[in-house]
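Novice: The structure under discussion is supplied below as structure tokens; questions concerning it will follow.
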Amino acid sequence: MHGFLGEFLGTMVLIVFGVGSGAAMNLKGNYARHQNWTFICLAWGLAVTFGVYVAGQFGSDGHLNPAVTVGFALFGYLPMANVWPYLLGQFLGAFIGAVIVIIQYYPHFQAAKTAADGNQVGIFATGPAISNPVFNFLSETIATFFFIFVLLNLGNFTQGLKPLMVGLLIVVVGQTLGGTTGFAINPARDWAPRLAYTILPVPNKGLANWGYAWVPMFGPLLGGILAAGLETIIS
């Protein structure tokens, strides 16, 4: 199970801070409500930074993202033996991270009686600003492609200041390409919290919009594969 613990802990940190920022910004009755898109992008960027640092200390490459893992593995940047431990750690860590956010904000979910009070699946998972399945899919593919293409050129991104560079990359992707879909660019970041929201007793919750969930699953996976493939061809 090489790297499982690092991916589990790193992804858990990522989701606690990232989804936590969504809860803070949206839920009625907390001091951070009504922040803006820049707040969200910065929070997710720093969440990735600290998640990568944690993962690297526990024996993984700090992927925290199935799109990274699958793309890297298919083109020889990661041993195939590491794929399933990494994926399991990522999805399980993301689920537990979402559970922690639910516990942290439980009274606020209770107070948020309607969607206008901020209690909606968008705290946990992504959704399109304008619903257009084809272009939503392309948006996730393109955003993930550029994220992973740059990532491949950072080398070992768990060491030194590299995790900060990864975090800044997330901020740039979010600010420039993420406004269309909320930039999942990570199937585990979307599916595991969406599942937690679906099956756990979150007070006053709405629908989890599983009809959209194929977009943040397969768009990022395709983007990661294309980025790793291009890097292999040109390097």
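Glycine residues also receive a Cβ, built from the backbone N, Cα and C atoms like all the rest.
So Swiss-Prot has the following annotated:
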TRANSMEM  4-24  transmembrane segment
TRANSMEM  39-59  transmembrane segment
TRANSMEM  62-82  transmembrane segment
TRANSMEM  83-103  transmembrane segment
TRANSMEM  134-154  transmembrane segment
TRANSMEM  165-185  transmembrane segment
TRANSMEM  210-230  transmembrane segment
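Help me see these features in their spatial surroundings.
Specialist: Non-local neighbours of the transmembrane segment (4-24) in the same chain are 30, 32-33, 35, 39-40, 43-44, 46-48, 50-64, 85-86, 88-90, 92-94, 96-98, 100-101, 104-105, 108, 122-124, 188-189, 192-193; each lies 6+ residues outside the stretch with a CB under 8 Å from one of its CB atoms.
Away from its own ends, the transmembrane segment (62-82) comes close to residues 2-3, 6-7, 10-11, 14, 48, 51-53, 55-56, 90-91, 93, 144, 148, 151-152, 157-158, 163, 166, 185-189, 220-221, 223-229, 231-232 of its chain (Cβ-Cβ under 8 Å, at least six residues beyond either end).
Sequence-distant contacts of the transmembrane segment (83-103), counting only residues of its own chain at least 6 positions beyond either end whose CB sits under 8 Å from a CB of the stretch, comprise 1-16, 19-20, 23, 60-61, 63-66, 69-70, 73, 109, 123-124, 188-189, 191-193, 195-197, 200, 202.
Same-chain residues lying 6+ beyond the ends of the transmembrane segment (134-154) with a Cβ under 8 Å from its Cβ atoms: 67-68, 71-72, 77, 128, 162, 165-166, 169-170, 173, 177-178, 180-181, 183-186, 212, 215-216, 218-220, 222-224, 226-228, 230-231.
With a cut-off of 8 Å between Cβ atoms, the residues of this chain six or more beyond the transmembrane segment (165-185) that come close are 37-38, 40-42, 44-49, 52, 62, 65, 67, 122, 125-130, 135-136, 139-140, 142-144, 146-147, 150-151, 154, 157, 215-216, 219-220, 223.
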